[in-house]
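Over in Swiss-Prot, the protein carries these features:
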- Ser309: active site, charge relay system (ACT_SITE)
- Asn152: N-linked glycosylation site (CARBOHYD)
- Asn187: N-linked glycosylation site (CARBOHYD)
- Asn293: N-linked glycosylation site (CARBOHYD)
- Asn426: N-linked glycosylation site (CARBOHYD)
- Asn516: N-linked glycosylation site (CARBOHYD)
- 1-8: topological domain 'Cytoplasmic' (TOPO_DOM)
- 32-536: topological domain 'Lumenal' (TOPO_DOM)
- 9-31: transmembrane segment (TRANSMEM)
Amino acid sequence: MGNPTLMRWPVTRILVLGLVVTVLYKAMAIYSSRRAPVQVCFTSPSSAFKIKHIFHNAADGRTHKRLDIDDEFLSIYNSARSQMAHIEDMDLFTVSPFEQELVIRHTEGQTVRLADRSPDFVESYLDYALENGPASRMIEFDWQQESLLIPNMSDKETIVSLALMSSDAYVGLPTDADWNDVGDKYNESERFGWENGGVRGHVFTDPEETIVIISIKGTSAAGLNTGGDGQTVEQDKTNDNLLFSCCCARVSSLWKTVCDCYEESYTCNQNCLEQELRRPDRYYKAVLEIYRNVTHMYPESEIWVTGHSLGGSLSSLLGRTFGLPAVSFEAVGELLATRRLHLPMPPGLPEEMENIWHVGNTADPIFMGVCNGASSTCSLAGYALETQCHSGKKCVYDVVNDLGWHVNLLNHRIRTIISDVLMVYNDTAECVKPPPCYDCYNWRFVDHSGDRYRTTASSPSPIPSDPPGRRCLKRTWYGRCYEWADDPSAVKTTFATSTIYRKTSDISTSTHTGGNTTCIRRSWLGYCLEYGPELR
C-alpha cells in the first residue's frame, strides 16, 4: 500500500480544478446572456435617409418658409458650392450635404405620451398653463402607453448619422433658392431680409417615409466656434440667454438683460419669465410652427428630432412637448426651461421609456454646465449659460479620463464630437438617467399669478379718501390729514344728485330708507341708480 498522504493530493487537485471549470462556465453563460441584446441591436432594421425639405421660421411671429430639395435646388446649390467652401464642417460629407444618404438603424420601443398630440390641443394647454401656472398642475391628462420606433443608441453608425444631420443644419444655403411661403402673414416686399435670423429645421425621410427626422440648427456664436455662417448670432444669443440663464441673463449689474423680469437681488418674476419664453418671436414658438408644418406634410410618419447645442436643447423641448424621440449633441441643460414652459411630463415614467438622449463629452464646458462665472469664455462672450441639468438620459463620452483631454470650449463644436469622439470610440457611450439635479438654487422665483384676483376692497388704500364735501389740504408723512377745507365741487355734485332723486320720489335726500319706493335700476356692483314707485 502506498502513502495515504500522496493519495489525497490528486483528489484535492481534481476537486479544485472542477470548481474552477464550473465557475468559468457560469461566468461565460452570464456574459453571453448579457451580450445577447447587443447582438440583436446590430441586426436591427436600417434605413437610408436623405434631406427633403428645409423649414425656416424667422421667429418674428409671421414669417415661415419651406425650401424643397429637388433637382432645381441641387443645380443651384452645386453651382454656388465653391462660394461656401469656407463654411465649417462641409468636409464631413463625402458628397454634397443635400445628396448624401445617412444610414440609421431603429428598434422597437415603448413610451407613455399624450393620447391627443395634435398641435392645436397641445398649444391650447400651453396657453392655459401660461395664464394659470399653478392651476395647470391639477390637470389630469389622458396618457397612453404605445409602441414606437426609436433610434438604436447602441449602434455607432446611427449616432454618427444623427450627428451629421445636426451638422447639416449649419450648412449655408444659396440666396437665390426658391422658398415657398407656408406662413399666413408674410410680406412679399421683404424677399430676403428674413433669412438673416430665426430657426432652421432640416427634414430627412427614408424612402418609405416611415420615419421623418427634423434636425434643428444650433447656435451661430461669434467667438465660441460652434459652427454656422454667423447670420443669426444676435438672435441666437438672446434665446440662449433667455433659455439657459437663471433670470434674463442678470449675471451682474453690468450685464444687459434680455427681458425685464429681474426684481431685486437674486429675486426674479416667475410669470414674466414664462411669458418671455412663449413670446411669438422666441425660438420655442418657432420650432412649434416647424413641427406643425412637418406633421401636416407627413401625418402618418414617426417623427424624430435632433440637433446640436441650442438646436439640441430645442429638439429636447420639442420632443418633451409631443412625446417624440429626441437625440441632442452637446446641448445646454434644458430641464429648467422644460419646467418653466410647463411641458407635459408623464408621472412615474420608467427609465427605459425615456426617449430623450443627450450625447456629449466631458471636455465640453457647455454640455457639462461649467461654462459660467466671470472669467469663463462664455461670460466674456456675453453668454449666461447657467444651467447644467438635462431631462431624459445622458450618453457621456469620458474623453478627459480616456483620451487625456482638457476642458476647452473648442470641444463643443459638432465637428469635434463627430471626427474626434464618435469616430474614435469603438463602442457607444452608455445612456443613463442623470442623478437629481437643481439649477439656480440660490435664486428666489416669485409667482405673481394671484395678483390679478386681488381687488381694491381687499387691500387698504395708501392714501385715505376724503369725506364728502371736504378736501384735505395738508397731510402727515404717514397719510393723516390735519388741515381741511370745503370742496365746492363735491357740494355741487351732491345737490345735483338730490335734484334728480326728487323727480322720482318725495324724499328730499339721496338716501332712501322708507316710503313706498323701490329701486328700478342698479349698477353692476349692486348700488341703486334710480328709484321709483313700488309696483303693486
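Count begins at 1; order follows the chain as displayed.
Backbone N, Cα and C atoms are what each Cβ position is placed from, and that goes for glycine too.
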So what's the average pLDDT for the topological domain 'Lumenal' (32-536)?
80
In angstrom units, rounded to an integer, how far apart are the Cα atoms of Asn293 (N-linked glycosylation site) and Ser309 (active site, charge relay system)?
23
Let me make sure I understand the structure: which of the recorded positions listed (Asn152, Ser309) has the fewest other Cβ atoms within 10 A of its Cβ?
Asn152
Counting Cβ neighbours within 10 Å across all chains shown, tell me which of the glycosylation sites Asn293, Asn426 comes out on top.
Asn293
With DSSP assignments reduced to helix, strand and coil, which class does Asn426 (N-linked glycosylation site) get?
coil
Between the Cα atoms of Asn426 (N-linked glycosylation site) and Asn152 (N-linked glycosylation site), what distance do you get, rounded to the nearest Å?
16
